[in-house]
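Accompanying notes for the structure given below.
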Amino acid sequence: MRSTQAKTLASFFLFSSLSTTLAQLTPPANLPGAWTYQGCYTDVAGRTIGAAGYADAVGMTNQACIAFCSSKGFQYAGTEYSQECFCGESLAPAATVAAGDCTMACSGDATQPCGGPSRLSLFYSSAPVGPQPNPGVNGFTYMGCYSEGTTGRTLTHPITTITNAEMTVGLCTAACHTAGYILAGVEYGGECFCGNTIANGGARATSGCNMLCNGNQTEFCGGGSRLNIYNYLNQFSATSSSVSSTRSSTSTAVAGTTSTTAGTGVTTSTGGTAATTSTVSTSTLVATGPAQPPTVGNFNFYGCRTEGTGIRALSGATFASDTMTLESCRAFCAAYTYFGVEYSRECYCGNSFNAGSLPAAAGDCSMTCMGNTLEFCGAGNRLSVYAKSGTPPPSSSSSSTGTSRSSTVTGATATTSTPAATGLPAGWASYGCYIDGRQGRILNYQAPDSQLNTPGRCANICKDLGYTISGTEYSVQCFCGNSIVNGGSPATNQAECGNNCAGDPTQKCGGGDRMSIVSQGAPQVLLPPAPQTGGLNGSWTYAGCVRDNVNDKRTFFWQSLFPGTMTPNKCLTRCAEYGYMAAGIEYGEECYCGDPANVVDTTYYRPESECNIVCPGNSSSICGGGSRLTTYFWTGTPFYSWTFPQDWRAGQYQFLIGGLNIPLMTMESITGKVQFISKGGTGPGNETGVYELDVSLAQSNPAQAWRTLHLKTDVFCAAGITLPDKVGRQLTVGGWSGDSTYGTRLLWPDGSAGVKGVRDWQENVAELHLQKGRWYPSVMIMTNGSILVVGGEEGSNAAAVPSIEILPATGTEPIRMEWLARTDPNNLYPFLAVLPSGGIFVAYYNEARILNAATFDTIKTLPNIPGAVNNPLAGRTYPLEGTAVLLPQRYPYNENPLGVLICGGSSNGGGYALDNCVSTYPDAATPEWKIERMPSFRVMPCMAPLPDGTYLIANGAKHGVAGFGLANQPNLNALLYDPTKPLGSRITVMANTTIARMYHSEAITLLDGRVLISGSNPEDTVNPEEYRVEVFVPPYLLAPGKARPTFTLVDKDWTYGSTHTFTLGQPAQNGGPITVTLLGAVSSTHGNSMGARTIMPQMSCTGTSCTVTAPPTANIAPPGWYQFFVLDAGIPAVGVYVRIGGDPAQLGNWPNFPDFSRPGM
């Protein structure tokens, strides 16, 4: 997931030295298209060409740069500093030729010049460049740009196996060919559809196919409601019939106007008497998606059913298999009357249904079989049930679709004017003549036409297939179903069913658009499809038919697909689960989630007739149309309620000081000074990798505020923590490559406000090192005072290190963790915490578990962490980077469980940043995750605990993943999260910054109560490499008329459960109460605030004399240093550091090597 733009210092210096010794570097002679070498040019301030660019420390060549710029449509390309590529449409006026200055070899080809310091090797194309429609691939040829259909998708089969971010024409055509289709279409940059015909009114379009493929920026992948369509071996002809069927048949034409009934391939007429027989040639139908077969061997589909009450619906026998099919379950249950398949892989047999098993809507059985994805095998608490042939079918009431609008017609059997049907199955009777075809067939299944057709023969065919209703039409046609749909209703005159049956002219078999109905009991009639307005899950209200793709932008952002099973309630339930108060359904099976405000104005609303596609999972309901959304708004208690203060309550960003480096980690020491630690190769050439900031001098004397410190190895993506020894040494472990990954570095902080320290970082990898080299690990102080190191990679995008180890080393080898190996590379910088139960909580990727602190075995596995509404596999740790904190622990601790809060993150593939927070209480008997919406998307955020028990959420981007050049759209907005408020109402939208804080940005709370905001190292040529340092001033420091308290605390070294006295500088002035908060010392990097913890201990005051009781155990407060704040009515005093729990692991005597200073015990 990480870009190769990370700078390999060794490679950089190697190529720099080569540039001074090579006698000649030669521009490439063979360039693509109309590209030519222009010479060596100066790179002026603001860039000679700077519209786009990237860097590659190991593979840059001039040809690679030209290809990149061509893909972006730019005619100028230039390389610089061996590894940088820039593109543009024109040259800056101040640029001049600098012949002979381009002396640096390309990082990917040492024979080519790739510019030099502020020098570009420049290339130009005299012909326009840029993406084009792919002319053809995989045997498919390009047909052109087509509009989406007006009544459904132009190509009706969606491909869901290719991620949106990976989409190319090649992948889509290959997937369609594998699925058996001759047409493939790409749309919206990342969507793929297949078919065998141009359907539902799709037509050639003259424009609109202008979106680049997400997986190949050199070709187009359609646009909004536009498809680039490809034809396999030119098998499809635009002039050929679009009617597809599985059979050739004969039909009896009748006098009158002849027509072809859409979708059947059968030539029919409007009425009259029997005349001639004609044969209709049809083509082969290819399955377009999963279905529920009407028969499996000698078993017939019986319906979708629930499990029993406290017992399996079928309890005779069972087996499960990851290759489950309906056929394998039938064979296993051959001796039983019924078999049912559930959860895609579980098979159950029985001779009767146990108590509580009830019929369910057919659309509920929506999981495909693990051994055959073209068949449905039940779902959660839903069985696809089959009954042995001859078993009485379920009653008509059992075929209800739950929320379908229906009625039961109790009309008489055949009237005296209609000859009585004969040969009907037991319990079946005639129910008269019905109107067919108003909105489609009124019975969904059509049997083959037959010259032997009679009502009795048709009824027996339908009964054997498991249906309860049959209908005959046009003398030879037989239809089956379990309900009458699509607006079917009794004809006003029974004589309209006047066609003699082909198999018995004395009986009647329908007529032109008229069907003679026979049913087992009164037939259930589903009313004509319409937007569902009743029976909705929760407080949803139908809002209307709404436009989609306005200006090529989705009305509602998040898309989920329910192919073949969509009902309004499926979509509404999904959107509500993730806190969205608007839901839209489109093209019958696509669900979109968003907010009512996304429907910008009344122009978005369209006539109801434009939403005209029936829901496949509920044929009485409408599920949108072509680029039209059947839209619902939540009108109950809001899922979220954010506040937007415009005064001091919004807080304030303030510039603090100009920095000397771009930190990837910040740590405040117990002296109040802040370590700014950066990776090698960032910043000016004299950078040492670490600087110390004296915040007290930042604005009064910035020149004296910084102190230079030194590191020997590269801490790029290391971990950090403050030790519980008596001087609060700071530790970093791991790093980028080589020895750095084993690095174990220590700083003994010294000095004070306004007084520089003299100590420096100490390290010697030959003396002190990790057992396993680690890049992107996490660290934590355990309850016994030891240091737990978890996870990482070998360095520089190498193999996973799926293990844990302890410092000081115990002599035990690192312990391999299966869950780390399985979830690499999405589990880096996992979130760690000691729990009050004594276990160790760890969250990684989209999983969480609790470990035994002694054996590191798993005690409890939590439910998976919810991700995006359309992607449960979205993640929360690097590179899908979110941020996490522990919610406040309040005295009495046994009455207030410890919670975990995780905010933001991103999705694999598309890089869609998340717009939610999730929280849980891990020590609960059955922990569950609660989802809360955030006001905007956010990946790479930071979260800082504040003294008043709230949390500042800042920094990050609105799209992408963590890494160099892998995210865009900086999120400039701060949020304040208050856990004392109800879920959904905890977020306040705060002030904005003007500085993009992207990859490698940090946020830590200072002793003065402000939040230090630093860093941003995106390397994307769009957002700057950020040296400026800001502070966020929370509202409690801006409240008008509120005084900050002061206090004196003498004893700053506490044992567990001890009581300590502090004295207020003055009585409470803000109306009280006086409270105390302890915040764990933090190391902030990559959204992970290692060491963060918020504790609100027992305390009391009499006048200005107060006492505070230390937390009782290491499970509540692991050994270490904590910021101690006294608050008056939520306004904090300037804090001090206290130590709690001593140094039980005797880290003060570690490490015992010559190059390290030890403070002792």
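Using N, Cα and C of the backbone, Cβ positions are placed for all residues, glycine too.
Features as listed in TrEMBL:
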| type | residues | note |
| --- | --- | --- |
| COMPBIAS | 396-416 | compositional bias 'Low complexity' |
| DOMAIN | 34-126 | domain 'WSC' |
| DOMAIN | 139-233 | domain 'WSC' |
| DOMAIN | 298-389 | domain 'WSC' |
| DOMAIN | 427-521 | domain 'WSC' |
| DOMAIN | 539-635 | domain 'WSC' |
| REGION | 388-416 | region 'Disordered' |
| SIGNAL | 1-23 | signal peptide |
Would you mind splitting the domain 'WSC' (34-126) into helix, strand and coil residue counts from DSSP?
11 helix, 38 strand, 44 coil
Considering only Cβ pairs within less than 8 angstroms, which of the stretches 34-126, 298-389, 427-521, 539-635 has the most against the domain 'WSC' (139-233)?
539-635
Do at least three CB pairs under 8 A connect the domain 'WSC' (34-126) and the domain 'WSC' (539-635), leaving out pairs fewer than 6 apart in sequence?
no
Please work out the mean pLDDT for the residues of the domain 'WSC' (539-635).
94
What is the three-state DSSP composition of the domain 'WSC' (139-233), stated as helix, strand and coil residue counts?
13 helix, 37 strand, 45 coil
